[in-house]
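Lifted from TrEMBL, the feature list:
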TRANSMEM  33-56  transmembrane segment
TRANSMEM  92-112  transmembrane segment
TRANSMEM  124-146  transmembrane segment
TRANSMEM  158-177  transmembrane segment
TRANSMEM  184-204  transmembrane segment
TRANSMEM  216-233  transmembrane segment
Amino acid sequence: MLLLAGTIVLGGAVVQGAVGFGMNLIAAPLLAIAHPALVPVPLLLTASAFAILPLLRERGRADWRGVRWGLLGRVPGTVLGVTALALLPNRWLAVLIGLVVLVSVVLSLVSWRPRPVPGTLFTAGMFSGVFGTAAAIGGPPIALVYQHNAGPTVRTTLSAYFALGSVLSLIALVASGQVHGEQLLAAGVLFPFALLGFVLSGPLRRILDNGRTRPVLLAVASLSAAVLLGKALF
């Protein structure tokens with residue numbers, strides 16, 4: 001069972017190491033089936049530590065100004081996400097979020113060309129907070145804003161955003177007494193698999209940087225929406 005859980009995390013790490021996001025998208029639903037005790041805290045701890053690795057590998061490429069604006073938007077977005085969970089049925093909220101992500105991808109393919117400017121980043125951060133809180137897919141809004149940037153900028157900026165955002169989530173979990181010693185141990189067991197996935201993502205990253213980052217980014221965003229819609233409707 002541990003080997004299966006580690007393999008799941010490894011797969012998510014390969015995707016996130018190459019694209020910039022996707023670990024939780026891949027690992028969370030599969031771990032919830034294979035080993036429920038590893039979700040959410042051990043996976044969140046593993047993902048938080050993992051997010052630092054791309055920053056070290058591609059130092060100096062992150063858009064820290066964009067990270068700040070995204071995190072500023074995430075704060076009210078998180079509040080809105082909690083409110084939405086309280087007011088709307090989970091199933092239809094998931095459907096709405098999935099459709100919004102899919103429409104955003106379609107618009108990106110047709111004509112929409114978002115730019116990482118303060119207003120856009122704040123709005124994307126707000127949607128990321130809503131989506132991440134309500135449906136655990138906070139990556140697509142920020143990723144879509146950076147879809148026309150170079151691969152290293154996409155990966156490092158998203159990593160910085162996720163690392164700092166995860167710290168905020170972990171602080172809340174610690175304050176509520178939901179982080180325990182056995183969860184830290186479980187995260188320690190999972191992290192070597194994530195580290196191996198990061199190493200394996202290196203060659204794939206170089207392939208994507210040859211003009212393929214954007215289509216793969218849009219594909220991962222679409223997959224996240226499809227998974228969410230599938231869970232909600234079936």
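Yeah, the Cβs are placed from backbone N, Cα and C, and that goes for glycine too.
Counting same-chain residues at least six beyond the ends of the transmembrane segment (184-204), those with a Cβ under 8 angstroms from any Cβ of the stretch are 2, 5-7, 9-18, 23, 37-38, 41-43, 45-47, 49-50, 53-54. Within its own chain, the transmembrane segment (158-177) has Cβ neighbours under 8 Å at 20-21, 41, 44-45, 47-48, 51-55, 62, 64, 67, 70-71, 74, 125, 128, 132, 138-139, 142-143, 146, counting only residues six or more beyond its boundaries.
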